[in-house]
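Participant: Right, I'll just put the structure down here and ask away after.
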C-alpha cells in the first residue's frame, strides 16, 4: 500500500525532534554533572578569603563514626619570614598574595637540633623522647621561614550552642623552648568532637627564638612575640572560618603551658584571648624563665667566633651566621633551668612573673590549670638502674644533687638537705626501696610542678577570678614507660586531643582501651566547655554511653571553682571526685618553709655560742653506727660556693691553739633529724619575730621624731606622684643590687647583721648562679606605660591609660 507523499516528512521531523531533545537533555545532564562536580570539588577543597588572600584547604573525614568531617587549612602564614635583618627581631605581618594559596600541606618547622644526647630529657614527655624517629619526620623540613599555623574547622553545627560563631582554641606546643612543632599535633578530633575551631602554631625556638643580650642589642622573647602575632592574625581572620574572635582560648602543656602563663601577664596580648588552660607548667616554675640570658649568649658567641665586647657588634655577627651553625652548638644550662627561653625584658614580660601575679596582671582571664600525678618521673627514671626501686645511697645523692643545684648556698644547705629528706621519707615504710622511689618522684613533682601550680591558682583566685584546678591520675598502657610509673609529664596530651578515639599512632603508641576512649571524651568535653563558657561543666553534659555500656561517673561530678581557702580540685581518673587541698602539706613546705631554711645557718651564727667543733659523734643507733655528716651526703660535681668578703668562712675549723672567739657554724650535730627540723623551724620563727619587733620599733621611733618636726612647705604633688611611681616600678635587678650593697656595708658590724636578713624572694625558682647582674646596657625592666618612656619592643605599644582604683595594684589593668 502506498503512503501519501504529503506525510513522508513526518518521520523525518520526529527523528529531528528526538535528536534535538536528546542533545538538550544530554547538555543539561552534562551541565548538571559539571555543577555537582564543582560543588563537590568546592566541598572537598574549600576556599576561604582572609585579609591577606584566598587559601584552599582540604575536607577530611575521620576514622570514627562518632566524629564528623573537618576542614583543614595547613601551613597558613601569620607573619613575614624572620630571616636576614629580621632575625632576632619581633615578627611582622605577612605579605598579601594574589590567586589562591594551597593550604593542604604543612609548611616548614622552626630550626631545632633533635639530638638525643643534648635533649633536656627530664623536662620532656616520655612519648616525645622515645619517639625521636617519628618526630624527625615532622621536623626534617626546617627553615627560618617557619611562622605558620594550622586550622581545623568542624563541619557540623553544635546543638548546644545558639551562637553561630564557634569558639577558638589555640594550642602552643611544648618542648623545653628548644624542640617541637604545632604540626605534630592533629587538632581534627578535638575540633570535631568538641565543635570548636582548633589552631596549632609554630614559633621560633631556642637560640633563634629566645637569645638575649640583656640590653637593646637583642631583647629576646621573639618566640613569645611570635605567639602574640599569631593571636593577632587569628583575631583578624578567624571570623572567615566561622570562628568567634571574642571567644579565644589558649592552651598548652609543659613549656607550652608556661608560655600560656606568661602571655596572661603580658600587656601585648591584651584582648587577643579570653581564657587560658595551663597543663603541667606555669610561669613560676624554675625552668619557666631564664634569669641569666647574657651569660648563655656570651657562651654561644664565643663558640661561633662572635665574642665581641660590644653587644651590638656581637648580635650583628650572629645574624650573619648560618642558622644551622647556631642551633648545633651544645650549651648546657644549669640543672633544673634553661639556657634559652623567656626573659624578663621589662617590656613583653615587664617584671618577675610572681610580682606580676601578685599585682593581679592576669585576672582578666578565666584560667583552668592542673598537674599530673607523677610529673617528676623522668628525674628519677634515670637514677634507677632496675625495677627494684631506689637505694638509700641513690636517694641521698638525688636529694644532695637537688639541693646543690637549686639552693647551692653554703648557709643552711645541710639543714635544708636533711629537712627535705625528712619530709620525703615514708616513716611507716622507710626501708622499702619502691616506697623510696615513689617519694623521690613526689619530691620532683611537688617542687617543679605542684607548688608553682598551686601558687598560681591561689594568686589568680584570691580576687574571685574564675579558676579551675585538676589533678590528672590516668595514663595509658604502654611499653614506653616503666610499669611502676604513674601519670607522668605530658600524659594528658593524647586524651586532650582525642587520640584514643582513633587508636594508637606513631607518636602515641599506647594500647588504648574503652576506658581510655571514655576518659578522652570526658577530658575533651571539659576542655571545650571551658572554651565555650568559661565553665567546664557547661553547656555540654558528660555523656559517654555511646562508647560503652559502663556508667560514666563524671555525670555525677560537678567540677567546683577553686579558691585559696577550700582549694577544691577535680581528680581526673577512672574514679573521679572533687577533693580539696591537693598535697597541701608538701606545697606549704616548699612555699612557706624552704625559703627560710636555705639560709638558716646564717641565723644560727647569731644565736650559737659554740667556739669549736665538737668531736665526731659515734653514738650507736638501732640501724648501725652513725657516720659523720661528711659521709652521710654523697658529694656532687658542683663545687661549694664560698661567700665573698666573709673571712670567717675561710678559717680552718680544726685549727688548734688559743680559744677562738669567732662564732663558727656547727657542722656536726649530736641531735636527731627530727630535733634538727624542730630547731630549724623554731629559729625561723624567732628570726621573723625579731624582724617584726625591729620594724615596729622603727616605725614608733620614726613617728616620735616626726612629731617634733616643723611642717614642711607645700610640695608639688605631681612630682611626688611621679617619684612614687618611679620607686614603685623599680626593677627586680636594681632591688637586688641595693640589697647586696646594703648587706656588704653591714658585714663589718656583727651587731647589726640582724637588720640585713637574707633575700628570700623567689627562692623556689632561683639557682645559685641565677642572681641577676648589671652591665652598662642592662635592661632595668621599667614598664613602657610611663610617660615619656619608649617601649623596648616596637612590636606593639600601649598607652598609659588611667587605671581603676579598685584593682589590686596601681599599675594593674585587670579586673578583680
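Using N, Cα and C of the backbone, Cβ positions are placed for all residues, glycine too.
Found this in Swiss-Prot, in case it helps:
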COMPBIAS  649-658  compositional bias 'Basic and acidic residues'
DISULFID  110-146  disulfide bond
DISULFID  306-317  disulfide bond
DISULFID  476-510  disulfide bond
MOD_RES   712  phosphoserine
REGION    359-364  region 'Interaction with NRXN1'
SIGNAL    1-43  signal peptide
TOPO_DOM  44-676  topological domain 'Extracellular'
TOPO_DOM  698-816  topological domain 'Cytoplasmic'
TRANSMEM  677-697  transmembrane segment
Participant: Could you tell me how many residues in the region 'Interaction with NRXN1' (359-364) are helical, how many are strand and how many are coil under DSSP?
Facilitator: 0 helix, 0 strand, 6 coil
Participant: Counting distance between Cα atoms, which of the disulfide-bonded residues 306, 317, 476, 510 is nearest residue 146 (disulfide bond)?
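Facilitator: Nearest candidate: 317.
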Participant: Using a Cβ cut-off under 8 Å and a sequence separation of 6 or more, which residues in the same chain sit near residue 476 (disulfide bond)?
Facilitator: 491, 494, 500, 508, 510, 511, 512, 516
Participant: Rounded to an integer, what is the Cα-Cα distance in Å between residue 110 (disulfide bond) and residue 317 (disulfide bond)?
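Facilitator: Computed Cα spacing between residue 110 (disulfide bond) and residue 317 (disulfide bond) is 21 Å.
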Participant: Taking every protein chain shown into account, which of the disulfide-bonded residues 110, 510 has the largest tally of Cβ atoms within 10 Å of its Cβ?
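Facilitator: Per the Cβ count within 10 Å, the most buried is 110.
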Participant: How many neighbouring Cβ atoms, not counting its own, are there within 10 Å of the Cβ of residue 146 (disulfide bond)?
Facilitator: 26
Participant: Would you count the other CB atoms within 10 A of the CB of residue 306 (disulfide bond), including those on all shown protein chains?
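Facilitator: Around the Cβ of residue 306 (disulfide bond), 20 other Cβ atoms lie within 10 Å.
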Participant: Three states by DSSP: which one describes residue 510 (disulfide bond)?
Facilitator: coil
Participant: With every protein chain in view, how many other Cβ atoms are within 10 Å of the Cβ of residue 317 (disulfide bond)?
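Facilitator: Other Cβ atoms within 10 Å of residue 317 (disulfide bond): 15.
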Participant: By the DSSP assignment reduced to helix, strand and coil, which category contains residue 146 (disulfide bond)?
Facilitator: coil
Participant: Would you mind giving the whole-number mean pLDDT across the region 'Interaction with NRXN1' (359-364)?
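Facilitator: Taking every residue in the region 'Interaction with NRXN1' (359-364) and averaging pLDDT yields 94.
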